[in-house]
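A.B. asks: Take a look at the following structure, please.
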Amino acid sequence: MREKHIIVAVSAGIAAYKAIEVVSRLRKKGAEVKVVMTENATHIASPLTFGEISGHPVAIDMFEQVHQWDVEHIALATWADTYVVVPATANVIGKIYAGIADDMLTTTIMATKAPKYLCPAMNTEMYNNPITQRNLEGLQALGYHIMEPAEGWLACGITGVGRLPEPEAIVEWLESQMCKSNELEGTTVLVTAGGTQENIDPVRYIGNRSSGKMGYAIAEQAARMGANVILVSAPTSLAVPSGVDFVPVDSALSMQHAVESRYDTVDVVVMAAAVSDFRVLHKAEQKIKKMESMTLELVKNPDILQGLGAKKKHQILVGFAAETEHVIEYGQDKVARKNLDMLVANDVSKSNAGFNVDTNEGYFLYPNKDPKEMPNMKKSELAHNIMKEVVELVKNK
Ligand code: C5P
């Protein structure tokens, strides 16, 4: 989003107020935002607020020169590299599809060459109306990106489809659409995620603090780059990223089976899962009753990644290492021992890195290149950096 020029165009849906938070979130991500409103939208949400939040005058009237430019709508249309309509009403959608340009919104969207994104929001009947559906299909065929409206309670007092999704979801959707590339088209990437669970009895298990966030962010990023993604995941509370082939597992042995049975057909493996090093030797068939003390005998689990490294052919192997000291030294040893192409090594003793937080930092280590330091950043951003490295590794294979 950094340094992107985004026009947020607001039409007169009752959810127009949500666009204020969309503008704010986009700016926090580093984008420059200018707002265009329809005259009707100004009766629902205040242009003053949009002006304050965006840091720019709001364009509404075709004949008022807010930016002192000669031809305001053309200047705005040229400035934009992304154009998003939040909310897009049935009326505005219809006008855009019909080629009507009779106000600032419809004129600028017609005049811009920027990719266009629409977030429809309206009453369920209006949304389901074949005219609206025809218009949306037509716009999609013309290359417009359309976000599915959410289902839920609508301002008209009924529950149904047509709700404007929450600002956070809109920005996430926009980001994922804007960041799409084909750098990994034709490449199959298998990602493991989450913390494995080793059963003790039918209700108890040995687990770890992994949330799965890093692995899920990597799977999502790989899919954005056009890869075929297989996500082998231990149980997590996360939503499965769209467009990935999801393989749920629980224990280390089930993860090993899921990964190894697919190994020959994949090009890249990213082992982001926290795999339990041990499992219980004798699992109880029935729930173990309370007792004063008990001893569990544990046996070593296979090191899945090391096994993959030993039989590596064409694959690129990326591992993770959670350390609490000597991060580079221990990591470099792992690169060699597990025959990896890259290792993401991080210090989990820090409170803002590693398990169960949204940020991470560390080093990228390689068998024959100097380490690269990664400062603290969001896991989604780190996932982007990891997959950029993978693109290079695939290219240089
Ligand atoms: O040796 P260590 O457990 O620190 O290595 C971590 C890396 O190895 C991670 O990529 C993890 O997914 C993988 N691993 C594995 N099987 C294990 C333990 C770790 O594949 N039993």
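Backbone N, Cα and C atoms are what each Cβ position is placed from, and that goes for glycine too.
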A.B. asks: Have a look through ASP277, ASP347 and flag the one TrEMBL assigns to the CTP site that LYS287, PRO302, ASP303, ILE304, LEU305, PHE320, LYS334, LYS338 belong to.
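C.D. replies: My reading of TrEMBL gives ASP277 as the candidate in that site.
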A.B. asks: Grab the CTP binding residues from the record (ASP277, LYS287, PRO302, ASP303, ILE304, LEU305, PHE320, LYS334, LYS338) and give me their largest CA-CA distance in Å.
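C.D. replies: So the maximum pairwise Cα distance among the CTP binders is 38 Å.
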A.B. asks: Once the chains shown are all counted, how many other Cβ atoms turn up within 10 Å of the Cβ of PRO302 (CTP binding site)?
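C.D. replies: Total other Cβ atoms inside 10 Å, all chains included: 15.
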